[in-house]
Amino acid sequence: RMFHDDELEESEKFYVGQPRVLLLIYALYNTLVARSEMVCYFVIILNHMISASMITLVLPILIFLWAMLSVPRPSKRFWMTAIVYTEVAIVIKYFFQFGFFPWNKHVDYTKDKPYHPPNIIGIEKKEGYVHYDLVQLLALFFHRSILKCHGLWDEDEKGDSSSNKEDTDDELSLAGGRRDSSASLKSVNLAASVESIHVHFPEQQTAIRRKSSSSISQLSHRSSFSSHRSKRDIFKNINHNTLNLYFLQCKLCVIKSDCGLCCFRTLQVYVPIRQFFYNLIHPDYSAVTDVYVLMFLADTVDFIIIVFGFWAFGKHSAAADITSSLSEDQVPEAFLVMVLIQFGTMVVDRALYLKKTVMGKVIFQVILVFGIHFWMFFILPGVTERKFSQNTVAQLWYFVKCVYFGLSAYQIRCGYPTRVLGNFLTKSYNYVNLFLFQGFRLVPFLTELRAVMDWVWTDTTLSLSSWICVEDIYAHIFILKCWRESEKRYPQPRGQKKKKVVKYGMGGMIIVLLICIVWFPLLFMSLIKSVAGITNKPLDVSITITLGGYQPIFTMSAQQNQLKSLDSNEFNEFLRSYRGNTAALQFLEGYAREDITRADLEGNSNSLWTISPPSRKKMIQGLLDFDADFTVVLSWTIQRTLEEVYPYYIKAPSDSLAKPIKQLLKDCKWENITVSLVKNISEEGVREWWVLNQLGKRQKTPQESLELFIFSDKVSPPSLGFLAGYGIMGLYASVVLVIGKFVREFFSGISHSIMFEELPNVDRILKLCTDIFLVRETGELELEEDLYAKLIFLYRSPETMIKWTREKT
């Protein structure tokens, strides 16, 4: 052993022998220490999500535009700014909690107003106003203590001194060149105008620290590019001196005018910010990475949140449902705006990724950070008329967007990759990638949109049709490569029949799937109402009877207490009364006790009979003429004579048309009712109304009345109403036939694609496609054309395809 320590070994044995729960706690603490920076970011964002004020808005913006963009890590200045700002915010919030401020006297009235000035600023009086700020301050102090323990807290000063020492050594080694540059600087007239001096800003010190952090890369850089380094140091020294001269002239201008002081103060703020982003866009070294997939997934999650929670971004739509809105052919404005903005940002992000422009990504990041925060915390509360802290869906959307901002900042800091080859799902050849890639290609218009965008924002000599041809060939070859690899992992010996597990597993699953597709509408319509159906009891039962088209003689309705459900004894007695009637029993099998409602209607009409004397005379003549037919018009538009006119049993289906039930009538004959006209003569005059009475009622009552049984069909739940509304034939036309078309395409026409499907070895074709992507990324466009022509020739020549796809011997 090169190193041996008994105490360390004893400590290691003691640590390993601890309980697993304690080891888990140790691991969580170590994770917390290692990611204390992310803990601070999380607490700051959480504080802003809950408080949602201008006071807490500053630090999240600084995180995404300063801290996460700093190389290699946020500087001491940022952490001191965050600590001091949090302390000042706590003091300000505490100061404005006193009751003598005018806005603190009506807290209950103004606490939910989003545009109340104290709520916007964050100085409103409330319980627990400073809890999250204290947690935020505690996280910041915790991170500071960790940096101090590792000697990283004062790294800036050490980096400055080391970089200055490095510059001094370089100046000594390049004395001759420095003298010439110094002489040229001395010849510059100090009285020259500021506009006549071309200023080159110095490189940022963080970039210099990045160089010194890795001694190996530094030595190799110095040995390989020593002449370039010397020239660059010369220009850097000139830039330092020119910048000092620039500030010297500004100081001279300060003495002469106040405008010079303003310019000097502006430059003190502008120059560091400009230099920060300049060094970010033009780094000396960059650890190239690719997190576009994670950014795309974050945007996709936000897109899903908008689709299923769009009501949170609109006004007076807290109880809205996207399926119900779309079924009514209504597109909410808030939903449309949010979807278009989210989709537009995804397209722009894809364009920047393909063009590999860090400057564009930085500009897009700045615009998006300020735009999203302005929209979410100043515009959205006014649209929804509720505070951001009370909008849970908007909070979730903002948190996912913050994850996207963090990934974007990491992408900017590391730089875009120089080569973008293929789809991220095609990096390995297994079943997971295969099914995910095929699912990706099944999404409508996604493959086409990606191919067109890639063609627009990628330098190539291929036409759009040729580009799509290459993409389709590559996708097809990738799928074949996955199947070939699976055959290698699970080989099938020659001459052996397929195992039953494979046959019954795969074949049985396909059989069950096809049977379910064929019988899906019948099963769905049967189960949706019998199993998941909801009883739809009537709320109002109304009857209107008209004699021969004259003024209605009877109008009555039953509500609430007049609509009664059958108890168990009444329901059983009802079933026993139809024991010998097969048709009636078959009909009653589809209804339970709670589906039947008995309506008791008063026999006296609730309206007076206001008919004109001529019409009354004609109606009497029609009733006395027994040879002529005199019709009775019921409210359900069924016309019958006075005999056997009352249906007694009514079926109330899911639609609005109620129908009589003939299976429950004796000999399919309707019930008889008596109709009599009552005249009342009083001092107010003569009043007439009609009285109806049913003879064969189940509930024997002495007064005149009508009895009606309503059988209510179950209705589908609201969540599945969009499917049940199509009916059986609609489901067959829209689901079964469409799916059957795709299944038929899979089982037919296989013989025409044998020469492209049955390829034993696709490695050479796959390598040819990858080579096309590679030469395109390196700018060898002529070679791209040659390789594309070779690929097309390969697919046009079956003999060459056979040679290329033979198994390697």
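Just so it is clear, glycine is given a Cβ too, placed from its N, Cα and C backbone atoms.
Look at TrEMBL and you will find 34-154 tagged as domain 'Piezo transmembrane helical unit'.
According to TrEMBL, the domain 'Piezo THU9 and anchor' annotation covers 289-526.
Annotation comment: TrEMBL describes 641-807 as domain 'Piezo non-specific cation channel cap'.
Here TrEMBL flags 155-178 (among others) as region 'Disordered'.
The region 'Disordered' feature in TrEMBL is assigned to 205-224 (among others).
Packing against the transmembrane segment (14-32) from elsewhere in the chain are residues 39: each is 6 or more residues past its ends and has a CB under 8 Å from a CB in it. Here TrEMBL flags 14-32 (among others) as transmembrane segment.
According to TrEMBL, the feature transmembrane segment maps to 39-66 (among others).
Tertiary neighbourhood of the transmembrane segment (78-96): same-chain residues 40, 44, 55-56, 58-59, 62, 66-67, 70, 104, 118, 122-125, 129-130, 133-134, 136-137, 140-141, 143-144, 147, selected by CB-CB distance under 8 Å and a gap of 6+ residues from either end. Taken from TrEMBL, the feature transmembrane segment applies to 78-96 (among others).
If you look up TrEMBL, you'll see 291-314 (among others) marked as transmembrane segment.
Annotation source TrEMBL lists transmembrane segment at 334-353 (among others). Nonlocal intrachain contacts for the transmembrane segment (334-353), taken as residues 6+ away from its ends with a CB within less than 8 angstroms of a stretch CB, comprise 292, 295-296, 299, 302-303, 306-307, 310-311, 313-315, 317, 322, 325, 360-361, 364, 368, 383, 416, 420, 450, 453, 456-457.
Counting only same-chain residues 6+ beyond the ends of the transmembrane segment (362-384), those with a CB under 8 A from a CB of the stretch are 52, 57, 60-61, 64-65, 114-115, 120, 277, 280-281, 312-315, 334, 345, 348-349, 352, 391, 394, 398, 401, 405, 408-409, 412. For 362-384 (among others), the entry in TrEMBL reads transmembrane segment.
What TrEMBL lists as transmembrane segment is 396-416 (among others). Panel annotation: around the transmembrane segment (396-416), residues 41, 45, 49, 60, 64, 68-71, 280, 283, 286-292, 294-295, 298-299, 301-302, 305-306, 309, 312, 353, 356-358, 361-362, 365, 368-369, 372, 376, 388 of the same chain, lying at least six beyond its termini, place a Cβ under 8 Å from a Cβ of the stretch.
Annotation source TrEMBL lists transmembrane segment at 428-444 (among others).
According to TrEMBL, the feature transmembrane segment maps to 464-483 (among others).
Look at TrEMBL and you will find 504-528 (among others) tagged as transmembrane segment.
The transmembrane segment annotation in TrEMBL covers 720-743 (among others).
Sequence-distant contacts of the transmembrane segment (428-444), counting only residues of its own chain at least 6 positions beyond either end whose CB sits under 8 Å from a CB of the stretch, comprise 475, 478-479, 481-483, 485-486.
Residues 320-322, 332-335, 337-339, 342-343, 345-346, 349-350, 353, 380, 383-384, 391-394, 396-397, 400-401, 403-404, 407-408, 410-411, 424 of the same chain lie 6+ residues outside the transmembrane segment (291-314) yet bring a C-beta within less than 8 angstroms of a C-beta in it. If one looks beyond the transmembrane segment (464-483) by at least 6 residues along the same chain, the residues whose Cβ comes under 8 Å of a Cβ in the stretch are 422, 426, 429-431, 433-434, 437-438, 441, 451-452, 454-455, 756-757, 759, 762-763, 765-766, 769, 772, 788, 791-792, 795. Listed as Cβ neighbours of the transmembrane segment (39-66) (distance under 8 Å, sequence separation of 6 or more from its ends, same chain) are residues 32, 74, 78, 81-82, 85-86, 89, 92-93, 119-123, 132-133, 135-136, 139-140, 142-143, 276, 365-366, 369-370, 373, 377, 387-389, 395, 398-399, 402, 405-406, 408-409.
Secondary structure counts, DSSP: the domain 'Piezo transmembrane helical unit' (34-154) has 82 helix, 0 strand, 39 coil.
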